[in-house]
Each structure stands twice: as C-alpha cells, then as structure tokens.
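According to TrEMBL, the features are:
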DOMAIN    628-720  domain 'DYW'
REPEAT    211-245  repeat 'PPR'
REPEAT    312-346  repeat 'PPR'
REPEAT    413-447  repeat 'PPR'
REPEAT    448-483  repeat 'PPR'
Amino acid sequence: MTSKSTAKTLVKTFLRTPHSLKTKFQAKQLLAQFLKTQPYSPSSTSILISVYSNFNLLHPSLFLFNSLNSPPLLAWKSIIKCYANSGHFLNSLTSFVQMRSFGIYPDSNMFPLVLKACVFLKNLRLGESIHGCIIRLGLDFDLFTGNALLNMYAKFQSLQPNGGRKVFAFNVFDGMPKSDELCGTSAQEKGASIIQLESMTKVLEMMPIRDVVSWNTVIAGNAQNGMYEEALRMVREMGNANMKPDSFTLSSVLPIFAEYVDAIKGKEIHGYAIRHWFDSDCYIASSLIDMYANCARIEDSCSVFNLLSKRDDISWNSIIAACVQNGVFDEGLKLFRQMLTAKVKPRDVTFSSIMPACAYLTTLHLGKQLHGYIIRGGFNDNMFIASSLVDMYAKCGNIKAARWIFDQMEHHDMVSWTAIIMGYALHGHAHDALLLFKQMEMDGVKPNYVSYIAVFTACSHAGLTDEAWRYFNSMSRNHGIKPGLEHYAAMADLLGRAGKLEEAYKFIGSMHIAPTGSIWSTLLSSCRVHKNLELAEKVANEIFKVDPENVGAYVLMSNMYAAARRWKDAAKMRIFMRKKGIRKEPACSWIEVKNRVHTFISGDKSHPLYDRIFEALKDLLEQIEREGYIPDTNEDFHDVDEEQKKYMIFSHSERLALAFGIISTPAGTTIRITKNIRVCVDCHTAIKLISKVVQREIIVRDNSRFHHFKDGKCSCRDYW
C-alpha cells in the first residue's frame, strides 16, 4: 500500500471517529492530509470544521467554512460554537442570524451556545427573542436547552428590578430587530406567542424533564441575587421531587446561612455533606469555611480546613480570609506562610485578604515583603491590591509610602480614595484628608457611607467642628446617606474632644437610632479628659443600661473617682468588677525590630534585655529632665505615694518599647510603636522630649490615631 493511500485511509478513519483526535497538532495534521488526499465534500468538510471547533481553532475553521457554498447545519453549528468559545459572541449571533436567513433550522445543541452569547453581550431582549424561537421550534422541552435558558435568566436576574422578579414578556417578533431572520416565520405568526413568566422559576416549572443541573441553576440564581427564601424553597422542592442535592447545590446554599449568620442550619448542611462524602470537595469545604467564618465560628472553619486531604488555592484563600475577618491575624499570617511552603501560588484575592493582618499588627517589614512579592508576581496593577497596600502602609505608620502608591495608581475607585483619606485622618493631617475628599468629588467619585466616616475622623482629630457639621448635614441632603452608628460615634467624639460635652450629650440623645454603649463611651472618655465627673455619672448610667458588661466604662469611672479623691466610690467600682468577673485589659505596646515583634506590658520585667532597657530609661529620664520634663502623676490613680506613682509612669509599656527600640536600632532610625489603649498625657510629653534628645522620629499608634514625634513636637499638636 502506498503512503498516499495510507494517508487517505487514516483521514477517512479520523473523519468517521473525529473524537479520537486528542491534540491540536493532530487536528492540524489531519487538515494537511485532508487537503492533499480528499475530494471536495460538504459533509467531510463540515466534520473537519467540527473537529477544529472542538479545539477552538478559529482561523482554520473559518478557512474551511468559507470554502463551502451552502454550509450544512453541522458546519453552521461548529462555526457558531467556535466563535462563542473564542469569546467572539457578536460573530456567533451574527452567524446564527445568517443561518436562519438561509432557512436552516437549528437543533437543540445550538441554542445553549447562542444563549451564552446573549448573556455575555448583556442583551436580555435578544435572549427573550431566542427563547421565543426555541418555543416556536418546539425545542423548549429539550433538557439541555431548558437548562441553558434557566442559566441565562439566572445571569440576567441581577440586572432586573426587585432582584429579578420581573415579568418576562417574550414577544418573538413584535418590535424585535431581525425577527424574521431569527425565526424564519411569516408576518401572520408575529405576536401570536406571548408568554409571560413571573421569573426563571416559572421556566423550571414548565420543563417536563428536570435534572440536578436544572434545579441547581435556579437555586444558585436566586441565592446569588439575594432571593434567599426562594432559593431555600427550591431546595425543599428539589428534595420533594426525589432529586438529591449535589456538591454544587450545597455550595450555593451555604452562603445563605452565612448571610443569615445561622450556624445551626449551616451545620445541618455540613452533616449532609459528610454523610454523602461531599466534605472532601474543595468547593464545599471553602463554602463551609466562609459560612463558619461569617458566623464567627473560626474554630469550625479551621477544623474544616485541617480535615481537607487536598487543598487548592481557593481553600487556602478562604481560611486566610476567615482568620483575618475574625481578628485572628497571627494565624492568618502563619497560614499564608504555610501556603507558600506548600507551593500554592497566591492570587490577587490572597493579598487583599492578608494585607489587613499586616495593617492591624503594624508589621511593616512583612508588609514590605508582601509588596515585593506583589511586584514580582505582576499584581501591582490590580486596583484592589493597590488599595490594600495604601491601607497597609498608612496603618503601619508610613503615610508617605501610602501616598506614593496612591499616586501611582492609574485609576482610583471609592476603596482607594477612602483608604488614603482615612490614612491622612489617622495621621492627624486633617486638611490634607479633606482636600483629598473634595478632589474625589471633583473626579466624579460619589462619596459613600465609609468615606464619610473618614471625613469625620479627620475633623475629630483636628477639632474642626464647623466643617464636621457641614459634612454631616450634606451627607444626607446631597448624597442620600442616612447617618449610621459610626457617623454618630465620630461626631460625638469630635464634640467631646472639643469640650462641648453638653452638646455631645444632647446630640447622642437625639439620634434617630438607639445609641450603643460604644457611642456613649466616646463621650465618657471626653468627660474624663475634661474632668466633668457629674456628666460622666449620667453617661455611665446610660452605658450600663444598654451594655452592662462594658469594661471600659467601669475602668474610666473608677479612675475618675480616684482622680477626684473619691476613693470609696473607686473601690466600689473595682469590687463590683471583681464580682462580675470583669477584668481590665492590661496596657500593652509592641515594636518590630529585626523582623521580630517584641511585646511589653506596663511594669513588665520579663524581657531578656530588661536590665539594659531600665538603664536606658534612666539615662533618657535624666536627659529630658534637663530639657524641663516634670512627671505628671495626675493620671495615675493608684492610692500610693508620689514616688511610687513616678515609678509606675516610668515603666509604662510604650516607654519600655521605646527604650528597647533605641538600644536595638542604629542611630537615626525611625521607631514605630503600637499601643492597645490611649497614650497617657505624661508619656506623650516624655516622648516629645525624647524625640528631641535622641534626634529620631518616633511614631506611636494608639487605639485612635497616630502620633508622629519629631524635634520635641507631635503631629497631634497636643490635641488627642
């Protein structure tokens, strides 16, 4: 047998069994042999086009298709499929219209491709017209076509008012462009079939045959568009129809319980997944991790993750996000390192999830490492990651780096604007923050709920009362944003800091929503600063009504009684706290030196370098006393003698951290300290003078703002 006849035989074999071709290279070889050995035949050419369409080889498919004078159905179907799978959706629909103009009737396999094109082009009216064509051709009873219709309406639901529960009117011809070409029907038939469906659920009800895909499509569509009750109803109906939910059903339903924060119902789904061996599925596991995380059950999230035998990037991202979302930042960072060790490549969502952990823990060194990884991985152009970097650098005390990244961004969305505005607000640069807010509005970005919180924070930290009232009134008047708890808290804090305590009290009392303990607590803190014990008692009573376990309120009242020398009242408060098991959070400061975080508690002597720290503190005290420092013991409320009070202030946690930073870093290095509560007045005064005598910039982040100490001054201008 000659080589030519052998090639001819192989070509015939492949044309009879085209699915035996496994690679694009084989398909291209087949074309070469076909052109050499086969006579022209529309049927064999159509088969070859279908082979190419299976491999998404668009140009060879078009070459063969254009060689046909009258392409048969298989050729049309293949070219429509190839266009759709290659992302050329308009060409796909144009080819469908051309095919109908030649009088060729489509089969059921073609409509899923055409409906997919309608979805990607976001053309609902054309999708409705295709639906009319399907009904007219009697193909609406086909299972695959019905599922494709369900999927289309599920995708379009989010574009419809009221969550997609729009009455879909399918008028096949009336008012529709090219309707004759689409359906090939006479004018007499136009408008004859108008089908009103209340929702895509109605489409499901009209299907004579339904499989798991049909039910899943409707359930997922309802769930994704916030129609949770409808989705759960469909799950129950699915069970009544003797159809078993699969892993896709469960992963669609679990986010509903996450939204409802219903861990009990979520556990029921978890139990079903275990009984039916779905719990090892990565998508189910990720949905369970997210559900438990939203229900503040982080231990359960970790348990699900730890039981996974195989972990993909989705499950890793889910558990990292779960930890960060629930404030378990150290664990989130630990899991991120384990993810890298497991050779799982981080994605953009990974960095967006882990950045808040660096921001909260103020681990600037790790944040810089992540930034380097982002640049190497080519993620630095991602807007969400860039916004996370802005937020991270701002909260780690480097507002200049945050601004540099913000300025490098090609486009700014609401998230990036809010991140930089809040960054400037926390660092005490109120006027820069407000200038950026105005620039954001000029750029056409509409302020939202969170951006106004940033504005009020900026005004609060600079005492800009008039500006804050102007923004507060314009928020609802100009942008339709109703004030929320965070806005009220920021305004109450602003008035309290400014000494307008009675005005703040009336403002909180006039809120359109019930004030929480935390809002009253902002005013109580201001009462302490301005030494108004009478009002503080009234405010404390309001706090204990709504939040009887509020630790901060008991501590503040005890301290205020002690400051007023009302020792019996102070003792009563502390006895009451002990009886109720309420414990004060110890003052704690931490500093990052040589890639390691060192933690200090007031009066703590456990650090290995404590002796050197103590000597450094003594030396610093002598130096700042020469600069005029006099210890202020008014805020030490222990019933002890003056010398003992001086020693207690001397060993506050931020001073221990500062002394350690000075002895552990080269001269001139910026020192960054984080403290879990407000910096006391005496430490604030001392650190100002220390920054002058050691000629260093010292950045302290307390529980409300940043303090930049340099040359004996602080960025807060002693207003905090």
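In case you wondered, yes, glycine gets a Cβ from its N, Cα and C as well.
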Item to check | Segment confidence, the repeat 'PPR' (211-245), expressed as mean pLDDT | outcome: 81
Next on the checklist: From the DSSP assignment alone, can you count helix, strand and coil residues within the repeat 'PPR' (413-447)?
Outcome noted: 26 helix, 0 strand, 9 coil
Next on the checklist: Please count the residues of the repeat 'PPR' (448-483) that DSSP assigns to helix (H, G, I), strand (E, B) and coil.
Outcome noted: 29 helix, 0 strand, 7 coil
Checklist outcome for this item: Counted with DSSP (H/G/I as helix, E/B as strand, rest coil), the repeat 'PPR' (312-346) has 26 helix, 0 strand, 9 coil
